[in-house]
Each structure stands twice: as structure tokens, then as C-alpha cells.
Amino acid sequence: MNPQSSTATAEHHGQSTETAETAETAETAAPTDRLVVEEGRWITNWQPENEEFWEGPGRTTARRNLIWSVFCEFLGFAVWQLWSVTVVFLPLVGFDLTTSEQFWLVSLPPLVGATLRVPYSFMVAMIGGRNWTIVSALLLLIPTAAMALTLGNPETPNWTLFAIAAAAGFGGGNFSSSMANITFFYPAREKGAALGVNAAGGNLGVAVAQFTVPIVVTAFAFGALQPNLPAAGLFWIPFILLAAWGARRYMHNLSHAKNDLKGSLSALKEKHLWIISLIYIGTFGSFMGFGSVFPTLINIQFPEFSSIQVLGAALSLAFLGPLVGSLARPYGGKLADRIGGARVTITSFLAMAAVTAAVVLTLSMANFWIYLLLFLALFTLTGVANGSSYRMIPVIFKLSVDPADRVGHERKASSALGLIGAIGAYGGFAIPQILRVSNESTGSFDIAFWVFAACYIALAGLTWFVYMRPGTVFARANV
């Protein structure tokens, strides 16, 4: 129950001995020297734009919520990408999977995760950011526990594997709810930095999952010849429980957080939502897509480098791609602030096209280290473009509405961030599927990489035409 409609006394909640009428007056007065926290850890006087409040209890409280939000989102991304690295071990323990089926296993989590992002973004205002963080963290127990229970049996039906992989999409939805929650906690002047930290912390979960899982499944094999695949899911369960406990103990719900359905519907009618969504599929979608499929590509094209034995445990170098991509994202945003997001995004797209072409042209050399370096460059560029394109969104919506309609701009921009994040995530499904079709049709991935290169060139042209073409309002504003 939303505390704003509560008629209980403040004394009942341990705040004071005021009557309900006095409590209502106090809420209207909005004290700035303390938090008014009611039952269920609902804050009823959150005022981040009030300098006195922000420098008092505000900043510390927001930071605490951000820390636990990042941790929960980090685990969400890790679970989201568990199958990207687990799938290469399945044939080693007796699972009978075709190459096509392996690509489907790494494609389903991004597909489901992208689809869940829209409803997840509305849950914060419906039941509270703290409450939904607890629920969304506990939902991660479904795919991880299912992996622990089934991956030890090679007779597990393929449809069961597909269902568990789809359930890993719960982790992908966490991004939208986490970002929606944190945006309510920070003042406008610090919102961008907080959201950047939140996003980068989540993205690192991909790299950590791909680094950790090979080590865990071999180290916990305890000398057995085959990896202990149930450990790929079991390992994360204590951390998920810790995240749910931390969210319950330290996070808050904000009574003023409201869903903006009208703003979302209004944003859907805005042509720039769809234009920037296409661009974001090329940036964030590329990061997620290549992150999902990189371990499988290495396993198919350079099987001897699929995992490297270090002190009795396996290490996959595939994690380096998502790692550099995650670390590059904040720099893309900073560079966009200096020289313009459109310029950085266009340059990144053209460089991504060149790198994907180089991947095809150098495959005949059969040199893994060249292959790895090219993919690290590609991941770095996706990270930079990810940061720069995300920075463009609020600026574009500010310029595309009536200057007098400041509220309309803020509502559209806020709604657009969640919708664009959801649409962009579908790139995580598209890239593995394009690679799958290319391999099934021609026996190689060459056509897929040429398609990617052509798409990046087209997206660079689209970005220039709409946002950098001389004479447009966006070019004058250096979007």
C-alpha cells in the first residue's frame, strides 16, 4: 500500500507521536533535515532537487540504494549471459546439440530479456523500487537452480534446455527496472553520472560470468575428466540471496515514483524514438549480441583456444571482449560530452564496419591472436558507441519538442530511455541468429560479418543524415 494514502499515525511507524492529521501536515511541509520513512521502508519526503535535503540525508541514502542496485543488476547481467559460456561445455559432457541448437541457446536469453524490459520498467512505480529489486533478484534463482538440477544429466531433453535458457532472460529485464528506480533518487545534475555507473556495473556482469564459469565448472570437477556443469548455476545462488537480503535491508521505496503511461505512449509516436532505437540496436545490441556468441565463435573456429588450462582450471579468453566493452562505455559518454554524441557514434560505426570486414579478410590466416585482437577492438567500439548514443537521447528529445514544454520533454525523454533500451537489446538476439543462418546456408560466417559491416555503414549514414547534416537543428546543437 502506498504510504501517501496511509492514515496510520507516525508514532505507529516509529517516527513521532503525531496524529494522522499532523503527519499529513508534516509531509506537506517536507522536512529537509531528515528522512520520513514509513512501514515497508517507504520514503515520503524525497527531495533530491532540494540542496539542503540532498547534502543532508539525500546523498548518502541515494548512494546506498545505488550500490545495491548495481550489485543486483550486475548479477542480472551475469545470469543473462550464463548460457553464452556454458553452451560450449555441453557437448563435452554428452549433450547432443547441433551447432544451430547451440546458437538458439545463446539467442533465447537476449530475446526474452529484451521483451521483459518494458514491463520491468513499470514495476518500480507499481510496487516500489526496493520491493521490485527483491523480487527481480529472487527470480534469478529460477534459471540458476534449474541449471544446477539439470545440467548434470546429458539425457535432459533439449526443450528443457531451451526453457531454462529462456528463463535466464529474467536477468535482462533487471536493467530497465534498475535504471528506472535509480533515476528517481538523483537530482538532474547528477542523474547522468549515477545512471552511467549503474549501467556500467551491470554490463560488467557479462565479462565476470564468462570469466568465472569456466573456472568454476572445472575447479569444482574435483579431478573428474568432465566439467561439473551444475556448478555453473549453483555458484550464483548465494550471491543472489545476498543481493535480495541487501535490497530488503538497505534499499528504499519512493512514494513519489509514478508510472508515466501517457509519456510512454507519447514517446512511441515520436519518430526519433524509432530512429535512435535503430542506432541503439547497432551499439548496445552489438555489445550484447557479440557478447552472447563470442565464446561459441571461438569454440567453432579456434577450438584449441576455447579454454586454456591454468593451475588445473579452465580459462576462456572470451570474457575479455565484454570486459573492454563495458569499460569503454563511460568513455564514450565523456567523449560525446566533449565533441558531440552523433560525431562519436558515426566514427564508431565506421570503425566497426572496418573491423568486421577485417575479421572476414583475416580468417584465412587462421591466427587466433589476430582474431582476438580484432574482436577486442570491435567490443571497445561497441562500448564507446553505446555510451555516446545513449547520451544523445535526452538531447534529441529536448530539441524535438516545444521549448516551452519542459515537462513534456522530460516525460518523453524519460520514457524513451526505457523503450530504447528494450528495443536495442533485441540486437542480442539478432546477431547470433544472423550468424546461425549464415553458417547453415554457406558453411561459414563470412556473409554474416559482411551484413554487419553493411548495417554499420548504413547506421552511420542514418546518424549523419538525421543528426549531423548541416542546416538541421540537431547539427547546430552538436547532438
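Just so it is clear, glycine is given a Cβ too, placed from its N, Cα and C backbone atoms.
Automated prediction, rather than curation, is the source of TrEMBL annotations.
The annotation region 'Disordered' is assigned in TrEMBL to 1-31.
If you look up TrEMBL, you'll see 17-30 marked as compositional bias 'Low complexity'.
Sequence annotations record features per position, and here TrEMBL assigns transmembrane segment to 66-83 (among others). Long-range contacts of the transmembrane segment (66-83) within the same chain: residues 105-106, 108-110, 113, 133, 136-137, 140, 143-144, 147, 165, 168-175, 178, 181-182, 185, 194, 197-198, 201-206, 208-210, 212-213, 232-233, 236, 239-240, 243, 246-247, 250-251, 291-292, 322, each at least 6 residues beyond the stretch ends and with a Cβ under 8 Å from a Cβ of the stretch.
TrEMBL lists 103-120 (among others) with the feature transmembrane segment.
Among the features that TrEMBL reports, transmembrane segment is placed at 132-153 (among others).
Sequence annotations record features per position, and here TrEMBL assigns transmembrane segment to 159-184 (among others).
Residues or ranges marked as transmembrane segment by TrEMBL: 204-225 (among others).
Look at TrEMBL and you will find 231-251 (among others) tagged as transmembrane segment.
Taken from TrEMBL, the feature transmembrane segment covers 272-294 (among others).
If one looks beyond the transmembrane segment (306-328) by at least 6 residues along the same chain, the residues whose Cβ comes under 8 Å of a Cβ in the stretch are 81, 85, 88, 200, 203-204, 206-211, 213-215, 217-219, 227, 287, 290-291, 294-295, 298-299, 372, 375-376, 378-384, 386-387. Look at TrEMBL and you will find 306-328 (among others) tagged as transmembrane segment.
Beyond the transmembrane segment (340-362), the same-chain residues lying 6 or more positions past its ends with a Cβ under 8 Å from any Cβ of the stretch are 279, 282-283, 286, 332, 370-371, 374-375, 377-378, 381-382, 384-385, 388-389, 391-392, 395, 446, 449-450, 452-454, 456-457, 459-460, 463-464, 467-468, 474, 478-479. Per TrEMBL, transmembrane segment is recorded for 340-362 (among others).
What TrEMBL lists as transmembrane segment is 368-388 (among others).
Below 8 angstroms of C-beta separation, residues 103, 106-111, 113-115, 117-118, 121, 172, 175-176, 179-180, 183, 264, 267-268, 270, 273, 276-277, 280-286, 288-293, 296-297, 390, 393-394, 397, 445, 448, 451-452 of the same chain, each at least six residues beyond the ends of the transmembrane segment (416-435), sit close to that stretch. What TrEMBL records for 416-435 (among others) is transmembrane segment.
Long-range contacts of the transmembrane segment (447-467) within its own chain (CB-CB distance under 8 A, at least 6 residues past either end) are made by residues 272, 275, 278-279, 282, 286, 342, 345-346, 349-350, 352-354, 356-357, 359-360, 392, 396, 431, 434-435, 437-439, 441, 474-475, 479. As annotated by TrEMBL, transmembrane segment applies to 447-467 (among others).
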For the transmembrane segment (132-153), out of 159-184, 231-251, 272-294, most C-beta pairs under 8 A are with 231-251
Long-range Cβ contacts under 8 Å made by the transmembrane segment (231-251), restricted to residues 6 or more beyond its ends, are 41, 64-65, 67-69, 71-72, 75, 78-79, 82, 86, 89, 129-130, 133-134, 137-138, 140-141, 143-148, 151, 212-213, 216-217, 220
Long-range Cβ contacts under 8 Å made by the transmembrane segment (103-120), restricted to residues 6 or more beyond its ends, are 80-84, 87, 97, 132, 136, 161-162, 165-177, 180, 288-289, 292-293, 296, 418-419, 421-429, 432-433, 435-436, 439
